[in-house]
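Report on the following structure.
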């Protein structure tokens, strides 16, 4: 007896043949068609236990067919496949009630697994298709495999309120992912409130998040609502969560556990209804090991982990991204621009330490500062060239410029190796190079007093002594 009846609709004969062979070997009865009309006739007659359909067919788009299928047979699982591979082709099937979205080409083993899972699930699954209005803008751009995986995860999350933890380097677009999750999810009609934990003074974080009552502290002349209250019914995006102080982490954990909070200076618990999406450019597991982040809070936030890849891992998306940013610049009144083939190759060879944000800034700069319609490789070379180091300039690099100085050094360091990739062990080599002058400077400033140097550095005295020994740092004591 067949494991189930599968209806397959795709206008590509080769795709139909491959799916027929794979599904038949897995024990399913398969019916094939190359058009939407036949698929709709089968569905309306009550045939099939599951549907696999392409988006684009000769007579009708699957996006238009899906709502009719779900209205007639709400418990019929529908798997949508597409070669278009954009954010919207991933999100629209989910919005219209599809069980799963698969970008072409896909792994047949994965398809068989998804089919088995869909048929095994309880049939009381009820879809909640969105309205049929067109979306005004596409928040995420890219067709690379890395982005396809993000789209698929987002599509699965749209009709849930699960807490999401987004990780990724600075400039990768973590807030854009959070906004997409809100704007196309079930809370889209509620507010989206973003809080950058790194930008709030330490002593004001709890007031910022939970609000305060009049007289709660000096200067609190009126009651103020917090971000939880402002995000009620919507999404609260906690950016740079790794910078949250431990005491605020404790209060946040309590809110996640109990679903309520109290304002600073308040006594009455307030129920909260928000979806939490957190993000960090730091490895929270390392912060946990260092005693800087609560492990129990991490597990509460990390219900669905989502990593946004750096631009260098999705460099094939660069042409789409640069066109997108040029288009945005044109909408802001800047002249239209294009890149020639050599200029595009130059961009693909760049390491992009600032990720997508760096590319966006470059696109706007090109649109604003260069008169030619077509940007050439020479312009790109000039824009991406590291700044010239003048005599004595290294002596003037201050703390505010340390990140930029390290970035410039690393860019030069990487370019000195074949294919721009240095040998393994870079992390520890770079840390050692930075650690030695840092410890030496602290010891010099404290005249060799290791207790004062440890306090200055924020290290345990025994830790400092071990580092001095391991790094073979000479300690010179002086009087005074």
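Placement of Cβ uses the backbone N, Cα and C atoms for every residue, glycine included.
Record features, source Swiss-Prot:
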type: DNA_BIND; residues: 450-469; note: DNA-binding region
type: BINDING; residues: 168-175, 231-240; note: ATP binding site
type: DOMAIN; residues: 5-119; note: domain 'Response regulatory'
type: DOMAIN; residues: 140-368; note: domain 'Sigma-54 factor interaction'
type: MOD_RES; residues: 54; note: 4-aspartylphosphate
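On the structure: features taken from Swiss-Prot.
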residue: 54; record: 4-aspartylphosphate; DSSP (3 states): strand
residue: 168; record: ATP binding site; DSSP (3 states): coil
residue: 174; record: ATP binding site; DSSP (3 states): helix
residue: 232; record: ATP binding site; DSSP (3 states): coil
residue: 238; record: ATP binding site; DSSP (3 states): strand
* Structure fact -> Spacing of the two Cα atoms, residue 171 (ATP binding site) and the residue listed as '4-aspartylphosphate', in whole angstrom, works out to 34
* Between 0 and 100, where does the mean pLDDT of the domain 'Sigma-54 factor interaction' (140-368) sit? -> 90
* **From 168, 174, 232, 235, 238, the binding-site residues whose CA lies within 10 Å of that of residue 54 (4-aspartylphosphate)** => none
* Using DSSP, how many residues in the domain 'Response regulatory' (5-119) fall into helix, strand and coil? -> 54 helix, 26 strand, 35 coil
